[in-house]
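*Asks:* Structure provided below as structure tokens; questions to follow.
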């Protein structure tokens, strides 16, 4: 029976990593081929084992010299996990860090390539991520760099750059997916940085130490700029929004014909004066209490506050100039300049509409909308380009098929722009309609193009808006909870301090 038993071959160290269909050389390699061959393992090289090995020889192996195979291997310890790579296999990639370590004969250069070296174990230590090194390990064995979806792109790129391996060594399909994921992560991090920059002015604490009336200015600043710091600060924030709405309503009602009589005009002027005085007081309180004057002038919200109050004072100045010119200027060209001043005055009054932007200071939704527009400006510009393309194209087509029809409104391409814009927006006022069959077909194409065009940006803008709004709202809630928690701690400290004072007073009396 033993004579007929076939000679046992060496078992493979890995059963699946090197399996190839039709490959029958796995168990009958020559010693030369066995030195080059290296199986892929997860933690370390699996020690050779045969089913005929005697278990009692286990203790004797410790006193023997290292086997012949280990002398051909480069012993590497990455983050506490040991790996063994054949010198011949590592030398195939001399540009990489492991390749340089394998072909280098200078001990000093080898020490520069690694973080530490164990003379006793002949092992090079690297303080890197052992999980990612599994894929580096497999690269030296197979020549292909594998990329898994669960890996962090930034960490993976940093690791392969350290080991001197280029991303081009991976498969094209994996590389395309990895680069897409990398681009998404870069875009996400960019948006996060800009969102943090948006929230930074709200989070920054003004430094009032060592400045004139520092405590008083800090109290005024918190009262105006931080609605969640106290109940009076919330009241001022509500009052600011209320006066903005009142001002906009007053400006709107001033254009109504029934309000043009003397009593209505006087009431609207008084209302405008009250709103302007409140906005001026608010702006001056911010200006006086700010810790950094140049930074205050560069802030966007402060510029909006200034624009909100300037029209009122410019209007007073122009009315004063208008009255003065009428008294002592009699030349004709001076009277013409007075008429021009009246037109400018109307334009300045119209600037009061920008007061509604003051609501963005206390409105999370408006801030999220503005941030969305800044982030999606490329998509918005592309949408405007498509609208302009559609307007010019369909207005030209409509003019070409309708200009011969008697009594048509499409007498020229510019006359057809309004119809094309209304049709693209799918509003369809019906003030201008085509009469011919071809004109109606062009109108149908214009409306269909408008439906497709209107549906394109909705998902992109809405998803980003909802995401930004949720982040801003979460930050707002977090700030509110932090302030409440701080107040509770201070309240407890004050109570404990009072109790300690009372106890010490009683003890002094009894003593």
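Note: Cβ is positioned from N, Cα and C throughout, glycine not excepted.
These figures come from a predicted structure and were not determined experimentally.
Take a look at what TrEMBL says about it:
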DOMAIN    74-173  domain 'Potassium channel tetramerisation-type BTB'
COILED    178-205  coiled coil
DOMAIN    234-471  domain 'Ion transport'
TRANSMEM  235-254  transmembrane segment
TRANSMEM  377-398  transmembrane segment
TRANSMEM  441-462  transmembrane segment
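For each feature listed, report its degree of burial, its nearest neighbours and the pertinent distances within the displayed model.
*Replies:* Each residue in the coiled coil (178-205) has a pLDDT score, and their mean in this model is 75.
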*Asks:* Taking the transmembrane segment (377-398) as the first stretch and the transmembrane segment (441-462) as the second, find out whether 3 or more Cβ pairs fall under 8 Å, excluding pairs closer than 6 in sequence.
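*Replies:* Yes; at least 3 Cβ pairs under 8 Å.
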*Asks:* Reported in the order helix, strand, coil, what are the DSSP residue counts of the domain 'Potassium channel tetramerisation-type BTB' (74-173)?
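*Replies:* Grouping H, G, I as helix and E, B as strand yields 46 helix, 20 strand, 34 coil.
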